[in-house]
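The following features are taken from Swiss-Prot:
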- HIS13, HIS15, LYS99, ASP247: Zn(2+) 1 binding site (BINDING)
- HIS15, LEU16, ARG17, ASN41, HIS136, LEU219, HIS251, ALA263: substrate binding site (BINDING)
- LYS99, HIS136, HIS174: Zn(2+) 2 binding site (BINDING)
- LYS99: N6-carboxylysine (MOD_RES)
Amino acid sequence: MMSLTITRPDDWHVHLRDGIQLNDTVRDISRYMGRAIIMPNLMPPATCTDTALAYRERIVAAKTPDNQFEPLMVLYLTDNTSPDEIRKAKATGLIHAAKLYPAGATTNSDSGVTSISNLYPVLEAMAEVGMLLLVHGEVTDSSIDIFDREKVFLETILAQVVTDFPKLKIVLEHITTSDAVEFVNKAPDNVAATITAHHLLYNRNHMLAGGIRPHFYCLPILKRNTHQQALIAAATSGSKKFFLGTDSAPHLKDKKEASCGCAGSYTAHAAIELYAEAFEAAGALDKLEAFASFYGADFYGLPRNTDTITLEKTPWQVPDSYPLANDRVVPIRAGEMLDWQVIS
């Protein structure tokens, strides 16, 4: 029986939602992830230190007492965020980053930033205190094709930010294009990126060919196969600039299977198992541990986890759905087989 033991991984980008959904989302993310960067796009969003810390308390309350999972909190940036709020958040030791959502770019992003120039005093403060900037890298101009919005964002917004703030650590989250891979590779060492399991395993054909599959619909949207191959090459390259971030984003079943369905794919039920499948297919299982367990912690300036988990190559069938609050969430690979499972 083939097995793989790796240092306990972390998830550097996950959505847990709020309220009674936390009982289910925290259960899934805390099964074997040591830490996770928690997205702040709630309703209303966690725009200040106090709301982020209150959200952290609700997450901690939802996990079992013996579970050592640690939520790492994030501020939601708006046009009204102040440099003083950044300093206050950093001083807590519990808020590790601030998130740039271009207004309207994704779920619950209507309060996001309308112009990057509005943020420059805040970005200066972040660079001073050592707080990371997390970026949803898409423009929201409706005249820009949805498949081009990441590329245009890199060219028109992020390139200038990287130039203007050489001491600011920036994570370009859930990258989806060869353009983003090239951008990060050419950028200085203060720029890195997360890559999701579903963008490694799937491309837009999986979502659109032979019928629309709404559970593959996420933002940034799945791209063509050539971009998928660039992501696989980046993730398995051994470059410290790329690390695990699931962007697992739960939506109730009827909100996905709808005439105007929500964007987001749920992968927290089997995150490391999905990554293992992608890395094995690329002949790079030996690169999984660093991608999942080392590079993210190193970039954030946090210690690596010291304990381990073990995966075994034993196929199992993913349930058709999982409980979410008083409803159900349909995960990636629902009703299908997965090759790997965590056994300890």
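Note that Cβ sites are derived from N, Cα and C of the backbone, with glycine treated the same way.
What you see is a predicted model, and the numbers here were worked out from it, not measured in a lab.
Here the features listed in Swiss-Prot are painted onto the structure.
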{"residue": "HIS13", "record": "Zn(2+) 1 binding site", "DSSP (3 states)": "strand"}
{"residue": "ASN41", "record": "substrate binding site", "DSSP (3 states)": "coil"}
{"residue": "HIS136", "record": "substrate binding site", "DSSP (3 states)": "coil"}
{"residue": "LEU219", "record": "substrate binding site", "DSSP (3 states)": "coil"}
{"residue": "ASP247", "record": "Zn(2+) 1 binding site", "DSSP (3 states)": "coil"}
{"residue": "ALA263", "record": "substrate binding site", "DSSP (3 states)": "coil"}
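Recorded residues LEU219 (substrate binding site) and HIS15 (Zn(2+) 1 binding site) have their alpha carbons 13 Å apart, per Cα-Cα distance. Proximity to LYS99 (Zn(2+) 1 binding site), judged by a C-alpha distance within 10 Å, picks out ASN41, HIS136 from the binding-site residues ASN41, HIS136, HIS251.
Close to HIS15 (Zn(2+) 1 binding site), meaning Cα to Cα within 10 A, are the following binding-site residues out of ASN41, HIS136, HIS174, ALA263: ASN41. Per Cα geometry, HIS136 is the residue among the binding-site residues HIS136, HIS251, ALA263 nearest to HIS13 (Zn(2+) 1 binding site). Each residue contributes its Cα atom, and for HIS136 (substrate binding site) and ASP247 (Zn(2+) 1 binding site) those atoms are 11 Å apart. Neighbour counts of Cβ atoms within 10 Å were compared across the binding-site residues LEU16, LEU219, ALA263; the minimum falls on ALA263.
If you measure from the Cα atom of HIS251 (substrate binding site) to that of HIS174 (Zn(2+) 2 binding site), you get 18 Å. ARG17 (substrate binding site) sits 12 Å from ASP247 (Zn(2+) 1 binding site), counting Cα to Cα. Maximum C-alpha to C-alpha distance over the listed substrate-binding residues HIS15, LEU16, ARG17, ASN41, HIS136, LEU219, HIS251, ALA263 is 19 Å. Rounded to a whole number, the distance between the Cα atoms of LEU16 (substrate binding site) and HIS174 (Zn(2+) 2 binding site) is 16 Å.
Under the DSSP three-state reduction, LYS99 (Zn(2+) 1 binding site) is assigned to strand. Cβ-based neighbour count (10 Å, all protein chains) for ASP247 (Zn(2+) 1 binding site) stands at 27.
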